[in-house]
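Here is the structure we will look at, set down as structure tokens.
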Amino acid sequence: MSAEHSSRRVAMVTLGCARNEVDSEELAGNLHQRGWDLIDDESSADVVVVNTCGFVESAKKDSVDTLLAASDTGAKVVAVGCMAERYGAELAEHLPEADAVLGFDHYGNLAERLDDVLAGRAIQPHQPQDRRKMLPITPVARPAAAAASEVAVPGHGWVPSTRGIARRRLDDSPLAALKLASGCDRRCSFCAIPSFRGSFLSRQPEEVLGEAAWLAEQGAKELFLVSENSTSYGKDLSDPRALETLLPRLAGIDGVDRVRVSYLQPAETRPGLVRAIATTPGVAPYFDLSFQHSSEKVLRRMRRFGSTESFLALIEQIRELAPEAGIRSNVIVGFPGETEEDFEELQDFLTRARLDAVGVFGYSDEDGTEAAGFDGKLDADVVAARVEQVSALADELVAQRAEDRVGTEVRVLVERDEDGEVTGRAEHQGPEVDGECVVVDAGGAGVGEVVHCRVIASEGVDLVVRPVGAAQDSSQLRGAGEGS
């Protein structure tokens, strides 16, 4: 307990992706071990730590709004995370409501910095730097360099001298994100993430396995493997097939029901990895493929690789091994130079691909990216119209794909039971964005249980399912199918 403050209560607020969730839970473990009390109620906290997102403009606005709302509680407010790392002193200057803006290099001693905030001691705002320059260009040289130079890498125990700090779960969900790696070596022209997340750095397999076993002990049934580019896992460990060998080991951990891989780079997705994900028992046949577009010309301007035909061939390869596999993607429309022909090609690709979930984003300039300086920018109203058109198409296509699953059997991980309405996800559904299963006649199935069900109806991207063997209530079935 601090001599300066008898009360050291902290609330963690997490924005953005699942990678940020992992970072927040490591920060929570750090703070708990150093005597801070973690609470959920921001209004009762002495300090609110906001783990910000700095990915796109809407996410940055959400981060600022959350920081302002935290300030309104009367607590001290500390900004961490990607937006804080990316903008640092600039954010501090424009947002005086934040009592401190801390970058990744502060994470190992966050508890001490929060003590400073409570004591009224000024903390110099984080000064951003290009984190790609902090590790060697050669991937295999990075693990040793990261250890020797004490480079802070979120989700990797921060730095070697503080490694071993326990992660602390912030909810009791049966799903837990597990970080494979941090950073990215790709240079997509529209993306700023590598500049503030740094070069790609894999976690050691034994470290990943150890954390996975701990998560299972905490009640996690599904492990959601996250990184900026999971297909690169192991390239800096002199083993480009490391993920293929890691997956069955993760799936074999006691208490783990399923392992799910996120963020696969299509151009790097090798046949061996496709087979491992599609056929390994305990690994969800689920492919989160970041296509972004399908026009080869647009992809080249994005500094990406692929084409409509190569992407369709990859999808065919997946479905030959696992016909019911879930395949999701994101696409960007209105990229500089995108012609009507490019736009039509993207829509044709989506129609032929029959994806289970599609996120549609309109292009907008991001600070510090190559694409921000491109010519051929489309008017904002044209971009908005294309977003609307592709979104409508995507909604129709994913609803058709969901309807195709009616009559099939799925394994549903129950995640919520709210006033008798039981919901969860099947193997083809990733968390939060890919739809869910509504379980009728659940028969007392509890959160964390896996239930063998038959799909009886669809409602958009969502499925209505009934446990196999449950008595059929024709009126309930009729009502469930009305929205399909």
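Yeah, the Cβs are placed from backbone N, Cα and C, and that goes for glycine too.
What Swiss-Prot lists as [4Fe-4S] cluster 1 binding site is Cys17, Cys53, Cys82. According to Swiss-Prot, the [4Fe-4S] cluster 2 binding site annotation covers Cys184, Cys188, Cys191, on the basis of sequence analysis. The domain 'MTTase N-terminal' feature in Swiss-Prot is assigned to 8-119. As annotated by Swiss-Prot, domain 'Radical SAM core' applies to 170-401, with the evidence given as sequence analysis. Per Swiss-Prot, the feature domain 'TRAM' maps to 403-469; the stated evidence is sequence analysis.
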Rounded Cα-Cα span from Cys53 ([4Fe-4S] cluster 1 binding site) to Cys191 ([4Fe-4S] cluster 2 binding site), Å: 14
Cys17 ([4Fe-4S] cluster 1 binding site) to Cys188 ([4Fe-4S] cluster 2 binding site) - Cα separation in whole Å: 19
Mean predicted confidence [pLDDT] for the domain 'Radical SAM core' (170-401): 97
Densest Cβ neighbourhood among Cys17, Cys53 (binding-site residues), 10 Å radius: Cys53
Mapped DSSP class for Cys82 ([4Fe-4S] cluster 1 binding site), helix or strand or coil: helix
Cα distance (Å, whole number) from Cys82 ([4Fe-4S] cluster 1 binding site) to Cys184 ([4Fe-4S] cluster 2 binding site): 14
Distant-in-sequence Cβ neighbours of Cys82 ([4Fe-4S] cluster 1 binding site), under 8 Å, six or more positions away: Gly16, Asn20, Thr52, Cys53, Gly54, Phe55, Ile193, Phe196, Arg197
In the chain carrying Cys188 ([4Fe-4S] cluster 2 binding site), residues 6 or more apart in sequence that have Cβ under 8 angstroms from it: Gln292, Met302, Arg303, Arg304
Shell of the [4Fe-4S] cluster 1 site beyond Cys17, Cys53, Cys82, same chain only (C-beta within 8 angstroms of their C-beta centre): Leu15, Gly16, Arg19, Asn20, Asn51, Thr52, Gly54, Phe55, Ala59, Gly81, Met83
The domain 'MTTase N-terminal' (8-119), counted residue by residue under DSSP: helix, strand, coil: 63 helix, 22 strand, 27 coil
